[in-house]
Every structure is written in C-alpha cells, then in structure tokens.
Amino acid sequence: MSQQVIIFDTTLRDGEQALQASLSVKEKLQIALALERMGVDVMEVGFPVSSPGDFESVRTIAQQMKNSRVCALARCVDKDIDVAAEALRIAEAFRIHVFLATSTLHIESKLKRSFDDVLAMAVHSVKRARNYTDDVEFSCEDAGRTPIDNLCRIVEAAINAGATTINIPDTVGYTTPYQFGGIITDLYQRVPNIDKAIISVHCHDDLGMSVANSITAVQAGARQVEGTINGLGERAGNCSLEEVIMAIKVRENMLGVHTNINHQEIYRTSQLVSKLCNMPIPANKAIVGSNAFAHSSGIHQDGVLKNRENYEIMTPQSIGLKEVQLNLTSRSGRAAVKHRMEEMGYQDKDYNLDSLYDAFLKLADKKGQVFDYDLEALAFINKQQEEPEHYRLDYFSVQSGSSVMATASVKLVCGEEIKSEAATGNGPVDAVYQAINRITDYPIELVKYQLSANGQGKDALGQVDIVVDHKGRRFHGVGLATDIVESSAKALVHVLNNIWRAHQVEIEKQRLQQNNQEMV
C-alpha cells in the first residue's frame, strides 16, 4: 500500500529570506490560505523571536489555519522556544521546530563549542519544546557535512528527548543524490529508535540537485519533504515543492508513495507567490513555467496532436492550468464574470465582485476581450487594495518626446484632500514619480523597478513591481494597467499607502504605551 509523504512548506520562513522587501502580514496570510487550499500538511510561517512583525505574522496565520498544521522556527535557545510557543498557542494544531548546527565546521567556527555541548543543547531544547506541544521537529543544520557517527548520536538523543520529526538538511546544497540517499539509509540502519520519529529532508539547490536529493531520500525512507513554492529561498533557493509533488504523482507506481496535495491548486498558488514576492517564474521552470507545456518543434507538435502522451507526462489541467478563453467582453454581465472566476477556482471570499467588475469593465473597454490571465491579474490587484487607502491616484498626464524633457502633472487624493503637483524628470515615469513625491514628501529611495507583461500581445496588461527604502525599511508596491506609466504610478501609490499604514501602526503602538504608562 502506498505510504504518504508529508509536505512541509517553508515559503513564508526560509523562502521569504530571499526577498528584497519583507511581505506584510496581509500578504503572508494570503499565501498561507493558498497553501492550505493546496493541502500542505505543515507550513512553517516564521521565526517569531526575530522581530515583532514576524511574531505578529505567525500569530495571525496560526489563528486562521483550520486544516494545515502551523509551525514556527526556534534556535536551541530558551527564549526562542518560549516566544515561538506564545505566537503559536492560538492555533488548532502547531509544531515547534528547533534547529542546531551539527557539522564539525559549524560547531567549531560558528558555535565554538564541543560536540558534547551541542548534544546537550539539543536534548534540553527538544524537552523544553515538548512542554508546549507534542509535535516537535529537530533539525541537524548542515547534516550533509556532519560525520555520520555524530549525526546518528544526535538523532538518537533528540528522539529520546521527545522529537517526533527529525529533519536532515542539506543546508548548502553540497551533497549528491547517491550520497544524500546513503545518509538516510545509514540513519535507518544505525539509529535504534529511528522508528519513533518521521525522517524529514530539507535540501538547498546550490548545485541544482535539491529535488533529486529529496526524491532519493524518499526512496531511502524519508517521509517528509521540506521546500518552497517556486523554489524560493536564499542563494540558489530551496527544493521546489511543486516539482517534488508532481514527481511523486507522476512516478507514484515506481516510488510507492503519495501526497495529500490538491494538485489543481499548484499553478494558482505558484502565480500568487510569484506576484506577491516579486519573483518572476522563468519560462522554462519545470511544472509552472510558461513553456512547461509548450511544443514548438514540428515533430513534437505532430506527436502531441496525435496523442498528447507522446510528449507530455502530465497535463496542464493536472496542476490547475486552464485553457485560455476569449469569451468575456464589455457586454459580459456581473454573473458571467463571477461564473468565470468560479471556473478558475476562486471563491467569493477571494475577491470583491463589485470592485473587480468595475475594473473588468474599464479593461474590457480598452482591450475588447478579457482573458483568464487578465481576470487573475485584476483579482490579484483587487486583493491587495482591500484595505482602506489614504492615497489614491485621481489623474495624471505626461508630455515627453525624443528632444524634450518629460513633464508630468499629477492629482492625488490624500485622505480628505485633493492635491496637485507638476514636475519634470528623466522620462515619463520619473516625471510622474517626482510629482507624486512632491505631494507626499516621504523620504524614499527607489531600490528596484520591474516591468512584466500579464498576458500576451500588444494589449497585455503591464505589471510594475517596485521596492523602495524608507528610513531603513523596505516596502513593496505593485501596479497594473494597460499603460506602463499608469501602472508605474499605481505601484508608487501602493507603496505610499503601505508606508502610511506602517506609520499608523507605530502611532497606535505609541498611544497604547503612553496610556499604559499613565495607568501605572
């Protein structure tokens, strides 16, 4: 009988570390809800002791999750474990994940301790975590370069202390599949209490072997795989969960295992992570890249037309990728748009129909026909703009040419006021940004500007993602329009609203602190 492989997602913890700008609590919750809809068994959503923002994110997600088990990371430090437990305690089911370096290199150069010290720290921390929950994971950081005798000793000790999952990370992506599979085999053969815990693997992609290493580990007996959506992560990234999941599905007969993932949510979740994290998916990315199911060779096209199985080992529909349709125009009613969203897997709670339909009509008037990818882009922006806006772009105009300096006029709604400014700049986008900055007077520095097309052809929606630095903090904004200058302006306004909200949070914190002091 096929055994289950537990899918452990760490997009919101290990994956987020690769981003230039941190995700907001709202954005993290969006991703967490998508992961739960996809059916991940465990999601690691943060490192609570690292910052108040991470603590709040973990607590918010823990409160919302109903089916997926929520996990938080902690070093083998008492405070880390206590704070993680506090952030998680509201969850219906949670896991504390403690980790400690075990390789000789890390122990001597980073921890500057002996292996016996590390062994004692691991046992103490696992026991402390067990005081809060019966689900404790222990990770042997840099296990791939840890002497096997030491690895076996610390795994046995951690299990005796109460660890229910033992994670074997290839922290720097150093091992080969043959070598990594051998490590898992050795653990099963040499650790006497290994049957009392689930063996997990967490592979990085520095040598491009994270997925292969993970699958080989599963063949050797590992029953949990850790990774991120789209392979997001530091350096070369983590193991791509969508690749592992589909490899297990396509080769289930050979591997003898399965997952509980809803495969038809893979594509949608991948797209959401890509947009929110401002990390485009390469066209040739396995499973979710735009070319993953494309056939350009004449021989291949002929073979696919005769039988898709000639050159496709899985279908686009198996990951939730629908065929593009051309059925929506400005004459389409609200019910037609709602029906199409339902066909694409969206629920009423995923978007506001009134504002989505208004945006749809404006786009349909410009484009004539609105495609599925247009609707998905509009729904994404719709979700980002649910919170009240202090700033709203009311109007802009630009004059530019090859021999004249670009000039922009902008009208911005600022709370209850409407303010206007004009400015010149090095091109139309810069001119608009200069005018907006004159209105708001926020000290910001543009760190990243990225333009991408949502859709195909000359009338594709232009999506602009920007990252700005404001007083040492980085904020992300996104704008969408058929006009690049307009989408650029909307992206900056989105950033300004995020900065404004952050200021309001700080003001409220200061007010509460002052009230508490007065009460004392």
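Cβ coordinates come from backbone N, Cα and C, glycine included.
The record from Swiss-Prot ties H202, H204, N238 to Mn(2+), and of the options D14, D41, D430 it ties D14 to that site too. The C-beta environment of N238 (Mn(2+) binding site), restricted to residues of the same chain at least 6 apart in sequence and closer than 8 Å, consists of T10, D14, G15, H202, C203, H204, D205, S210, E226, G227, T228, G231, L232. Every protein chain shown contributes to the tally, and the Cβ of H202 (Mn(2+) binding site) ends up with 28 other Cβ atoms within 10 Å.
Apart from D14, H202, H204, N238, the residues listed for Mn(2+), the same chain places the Cβ atoms of T10, P169, T171, C203, S210, E226, G227, T228, G233, E234, G237, C239 within 8 Å of the centroid of those Cβ atoms. Here the binding-site residues are D14, H204, and the one with the most other Cβ atoms within 10 Å of its Cβ is H204. According to its DSSP assignment, H204 (Mn(2+) binding site) is in a strand.
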